[in-house]
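Per TrEMBL, the feature region 'Disordered' maps to 1-23. Positions annotated as transmembrane segment by TrEMBL: 31-52, 67-87, 99-118, 154-174, 180-201, 256-278, 298-317, 354-372, 378-397, 409-431, 437-456.
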Amino acid sequence: STMRKRKTTDSPHSSTDLSEGKEKLRLKQEVSLISGVSLIAGTMIGSGIFMSPEWVLHHMGSPTSSLLIWAACGLLAMFGALSYAELGTIIKESGGEYIYILRIFGSFPAFLFAYTSVILVRPAGLAAVCLSFAEYAVAPFYPGCSSPQVVIKCTAAACILLLTIINCLNVRLATSIMNIFTAAKLLALLVIVVGGVVLLAKGQTQSFQNAFENTTAGIGAVGVAFYQGLWSYDGWNNLNYVTEELKKPEVTLPRAVMIAIPLVTCLYLLVNVSYLAAMTPSEVLSSGAVAVTWGDKVLGSWAWLISLSVALSTFGSSNGTFFSGGRVCYIAAREGHMPDILSMAHVRCLTPSPALLFTSAMSLIMIISGSFTSIVNFFSFIAWFFYGMTISGLLYLKIKKPELPRSYKVPIIIPIIVLMAAVYLVLAPIIDQPQIEILYIVLFIFSGVILYFPLVRFKCHPRFLQKVTLHLQLFLEVAPTTGDAN
């Protein structure tokens, strides 16, 4: 009874204080066009461009076909982001896919998305980025050979634990790290691009002779190559998670998309050309860390700069993923789709520590059980399943509810193309090379039915869950954030 009394008397005051802290934790209330462009580009440029080129080339078989995949991925990301921009001007709420699915299709599919996102998709994304960081961080200690998997996984786990401590204890430190490390990733890519231009000027074009030779045409191989390429573009929808914080969202959202994504696409194509100028296709395929191999060949004794820059870049990207990782948790908990504990914040540090700790635990499990390429493939399968559902919602609104006010309209052919691509990306690997793991993922998504009806639909909450929540609240020193304006 003492604990219950303490909860009821302290909660209102704590909630007010924490709502202010939550605003500090979030992005600024007014995100301008420049900030929007930085948010999209900074999220997209992470580990993928340093890890995925060898896998795209592996699945496509030839340099030119792999470059076409990179360009097509950029175009698809652009089309997807433009479609989301219209959704963002119709449904002016933060939360991305979750809030769109909730408002268009209802509670049940939105719960399935939140359930899958919180337990699988976000932790998988963090695990993949941290494995990428680990690959580059340990590569200089194993010159000329592949780094041991045990060392890579232990380093990735240490990265996640460090990020957990930083983000749970100090918001200002976490945001400072994001800013510094964004500069590092841009510097690393610019060095690679300039180096590639110099090599091409010297006539090193051997990789582009007979460039379509050995091209793979299999439906499944192309789909998996798209998965690896699109991983590098992940984040194209990031601005839709902060729609409520945009200054003039009806203008800023589409304009930021039109600037950021073509910029990143051009940068990615130039970096891939630089890799192929410095290395033969077989050297790219045999490299465990393609940017490090590029540095060894082009920069010589200064090659360590590439390893350092890429490690800093991927660490910064993982920090950004971790920092924003509680948003879907928070909004889903606000809508009653997630446990209350995930919507709480630390009473002194003003950070969403329960959501961060949960994401950290799930990411550690994925690091132990998976590799970078397998995590990316399964992550992409789930992501494009829900992207397809969201885009079909936009098509529904365009056809059935054209009277809804919207300041920006995307031509209907664009979301149709994105929906067709989403269907292809979901079905192609299943048809061409069925894997039992994909069946497990589908079963996991629909296992949410078991939880939805008793816990959400009929609100059957066992008393012991309330006691567990209360004890966790006291142990973690967190309180509800129901007073948050969002």
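From the backbone N, Cα and C atoms, a Cβ is placed for every residue, glycine too.
Within its own chain, the transmembrane segment (378-397) is flanked in space by residues 80, 83-84, 86-87, 90, 97, 100-101, 104-105, 109, 113, 116-117, 120-121, 124-125, 128, 226-227, 230-231, 234, 237, 370, 404, 412, 415-416, 418-419, 422-423, 425-426, 429, 437-438, 441, 445, which lie at least six positions past its ends and keep a Cβ under 8 Å from the stretch. When each of the listed stretches 31-52, 67-87, 99-118, 154-174, 437-456 is scored by C-beta pairs under 8 angstroms to the transmembrane segment (256-278), 67-87 comes out highest. Panel annotation: around the transmembrane segment (99-118), residues 87, 91, 93, 240, 328-329, 331-332, 335, 337-338, 342, 358-359, 382, 386, 389-390, 393-394, 396-397, 444-446, 448, 451-452, 456-457 of the same chain, lying at least six beyond its termini, place a Cβ under 8 Å from a Cβ of the stretch.
Between the transmembrane segment (67-87) and the stretches 154-174, 354-372, 409-431, Cβ pairs under 8 Å are most numerous for 409-431.
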